[in-house]
Amino acid sequence: MFKFLQHIGDYVQNSVQAIQYIGQGLSVTFDHMNRRPITVQYPYEKLIPSERFRGRIHFEFDKCISCEVCVRVCPINLPVVDWEFDQETKKKKLNHYSIDFGVCIFCGNCVEFCPTNCISFTEEYDLCTYDRHELNLDNVAMGRLPYKVTDDPMVTPLRELVYLPKGSLDPHGIPVDAHRAGLFPVEILEQAGEDSKDVNHESISNV
Ligand code: SF4
Ligand code: SF4
């Protein structure tokens, strides 16, 4: 009898939880029903990508030490590091470096693990070409400074969702000085630093 009641209790608990989850899901759906479509008039208007956006990779030739770590950590061994051993300096000499962005999955492993930080993500997302082979960029193409939506005089930059003030969904007509809803990564780091200082201070004072 006790077991039977326990089963019923579990069943009721699961049902309530299921209804709760369905309610949560539907609340998102109903929230969207109140929203009007927002059109970005690309290419005259472009969204500013978020801080951690993984766009075309920028490469700094002089900083590369030809260690090939980027190749080893890449899930598809994509970067091509063409180097030779310089007998005079007894060091590797980089000749060419390339990444095929038609194949790259922008996972970020190479950027994350490069010991000299000579590769970094940019906010360049507009990589379309008529021929996919043109996406195979060499060190010269990867070395050029990235395109910035905010620097282009022909484009109206629009704030992406993460930059919008609280309660706003439409990036059009947002005042320039309107603060966004969340904190900037720098502000989060500063806050984290202050918190850790407070924790250290407390632990020292407890000692
Ligand atoms: S990991 Fe960095 S330094 Fe090493 S070969 Fe790749 S790009 Fe060059
Ligand atoms: S971003 Fe990922 S897939 Fe692209 S080259 Fe780097 S490690 Fe390879």
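Just so it is clear, glycine is given a Cβ too, placed from its N, Cα and C backbone atoms.
Curation does not apply to TrEMBL; its annotations are automatic.
Feature annotation from TrEMBL assigns [4Fe-4S] cluster 1 binding site to Cys64, Cys67, Cys70, Cys114. All protein chains included, Cys114 ([4Fe-4S] cluster 1 binding site) registers 21 other Cβ atoms within 10 Å of its own Cβ. In three-state terms derived from DSSP, Cys114 ([4Fe-4S] cluster 1 binding site) belongs to neither a helical nor a strand segment and is classed as coil.
The [4Fe-4S] cluster 2 binding site annotation in TrEMBL covers Cys74, Cys104, Cys107, Cys110.
Mean pLDDT across the domain '4Fe-4S ferredoxin-type' (55-84) comes to 96 in this model. TrEMBL lists 55-84 (among others) with the feature domain '4Fe-4S ferredoxin-type'.
The domain '4Fe-4S ferredoxin-type' annotation in TrEMBL covers 95-124 (among others).
Between the alpha carbons (Cα) of Cys67 ([4Fe-4S] cluster 1 binding site) and Cys110 ([4Fe-4S] cluster 2 binding site) lies a span of roughly 12 Å. Proximity of the binding-site residues (Cys64, Cys67, Cys104, Cys107, Cys110, Cys114) to ligand 2: a Cβ under 6 Å from the molecule is found for Cys104, Cys107, Cys110.
Listed binding-site residues: Cys74, Cys104, Cys107. Those with a CB atom under 6 Å from ligand 1: none. Calculated from their C-alpha atoms, the gap between Cys70 ([4Fe-4S] cluster 1 binding site) and Cys110 ([4Fe-4S] cluster 2 binding site) amounts to 4 Å.
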